[in-house]
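Shown next, in structure tokens, is the structure this report addresses.
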């Protein structure tokens with residue numbers, strides 16, 4: 001039995017908080033100080049933790065989320081009371097939906113002032129509870145370490161997400177007693193039970209057209225590696241949701257049907273409609289609504305660390321709950337024969353491969369200006385090699401990128417799908433670069449999404465972050481526009497004015513570029529990639545083919 005831990009006296013609760021953050025292995029915190037939380041910022045000066053001041057609290061959560069997604073360890077946001085916390089909530093809701101581990105510490109008024117009408121008083125626990133895995137206010141100084149420790153456990157374990165801790169000012173500023181808790185390791189799960197794994201192996205053996213649907217958790221590096229080993233021995237037909245980008249490597253590309261989502265009209269969607277067995281790996285319904293892809297005729301298997309969240313269109317016949325990688329290894333040992341594609345599945349995969357080759361050969365020949373989306377995607381494919389991390393904002397461009405730009409490294413591409421939040425790309429890029437400063441990061445947004453977080457260009461310049469941000473410019477919220485046009489045959493609230501993004505970037509101290517002709521696209525991107533530090537490239541885009549995205553688009557219609 002463990003002995004009681006030695007209780008230490010701390011001059012300030014903030015000192016115990018910071019000590020607990022160090023014990024958790026935190027390397028940096030993102031945030032904006034204020035009177036209710038400034039003692040924690042002061043204590044951080046005497047720690048090993050780097051303070052990254054940001055320009056908006058939501059972006060602190062986005063940056064922390066990128067750290068969490070790439071490392072598996074929760075990133076940390078630190079904000080003051082009232083609007084400091086309310087500004088944070090979009091970032092926390094996004095992290096929770098995307099499965100990104102984030103711990104946010106928010107200042108609060110003194111406990112004695114909670115029921116008074118005082119400056120910045122707000123029930124932040126009630127506000128954060130619906131959009132986090134864990135939301136708690138510390139009510140006694142001797143509970144500081146355990147509350148913070150449990151926030152990290154909640155954020156990192158199971159399906160990761162966000163956690164929020166409210167810190168009243170009197171607890172932060174006043175003396176505290178307590179001891180730092182060691183960072184707990186996630187309990188090591190085993191593989192799913194043998195009987196359930198045997199049932200899935202038998203279902204695979206009996207299936208004529210099995211398919212894997214890879215969700216967010218499938219792209220965790222250890223799970224992705226297990227998939228690669230499994231697929232190398234027993235090739236399968238599979239595809240990934242947008243959230244699972246990078247889960248399939250190049251060696252298995254011949255049986256990869258691409259990414260699915262949004263309009264239910266991709267090669268993977270066609271395979272799903274033909275499948276008699278659908279094996280969902282690391283999938284959550286928030287990633288792709290089951291009603292969009294599950295007709296109810298196929299046997300449904302759920303492989304994840306958590307039981308399925310059931311709904312009318314997602315009731316698995318078999319659930320393999322346990323460590324995903326270990327479960328896949330066990331399942332692979334029970335599959336005795338190579339999986340043979342049906343002629344229909346083989347035709348779908350071959351056609352997808354032909355379309356990829358068509359884009360590779362002819363994409364650069366789309367010479368209109370403003371530029372066709374496929375021309376930009378083709379040029380981006382040349383600069384996004386395996387050493388580059390790509391963060392993608394939300395807008396029409398993200399559909400073109402998700403469908404036609406390929407990546408083969410787990411967590412190489414970050415796409416928002418749970419909330420489809422605009423403005424994530426640049427702060428995500430900053431967080432990703434801080435994790436791997438030796439890697440170039442390319443972020444991409446539309447001109448609408450960019451201005452929702454473009455103030456963080458100053459943060460990127462201050463850090464000398466090696467980031468290239470690409471802006472697809474069309475002076476409108478086009479993804480909304482194409483849907484409005486289809487539904488109502490007219491547009492409302494989707495148009496806005498131009499910005500000189502080259503000058504805008506230079507005003508922050510970044511290098512600014514503007515593509516001014518079709519032939520200038522590739523040279524400009526190469527020049528921007530060569531910049532050591534933040535660079536911004538503005539590319540005018542012609543979205544007139546966007547309505548095709550909602551239909552049965554074949555690239556031969558364009559190329």
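We number each residue from 1, going along the chain as drawn.
Glycine too: its Cβ is placed from the backbone N, Cα and C atoms.
As recorded in Swiss-Prot:
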BINDING   159, 263-284, 304-323  FAD binding site
BINDING   447  Mg(2+) binding site
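Features per Swiss-Prot, on structure.
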{"residue": "159", "record": "FAD binding site", "Cβ contacts under 8 Å, 6 or more apart": "99, 217, 284, 304, 305, 306"}
{"residue": "274", "record": "FAD binding site", "Cβ contacts under 8 Å, 6 or more apart": "209, 342, 344, 345"}
{"residue": "280", "record": "FAD binding site", "Cβ contacts under 8 Å, 6 or more apart": "212, 213, 215, 300, 301, 302, 303, 304, 316"}
{"residue": "311", "record": "FAD binding site", "Cβ contacts under 8 Å, 6 or more apart": "285, 290"}
{"residue": "317", "record": "FAD binding site", "Cβ contacts under 8 Å, 6 or more apart": "203, 299, 300, 301"}
{"residue": "323", "record": "FAD binding site", "Cβ contacts under 8 Å, 6 or more apart": "188, 189, 190, 191, 305"}
{"residue": "447", "record": "Mg(2+) binding site", "Cβ contacts under 8 Å, 6 or more apart": "471, 472, 473, 474, 475, 499, 501, 538"}
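Of all Cβ atoms in the protein chains displayed, 28 besides its own lie within 10 Å of the Cβ of residue 268 (FAD binding site). The 10 Å shell around the Cβ of residue 305 (FAD binding site) contains 19 further Cβ atoms across the protein chains shown.
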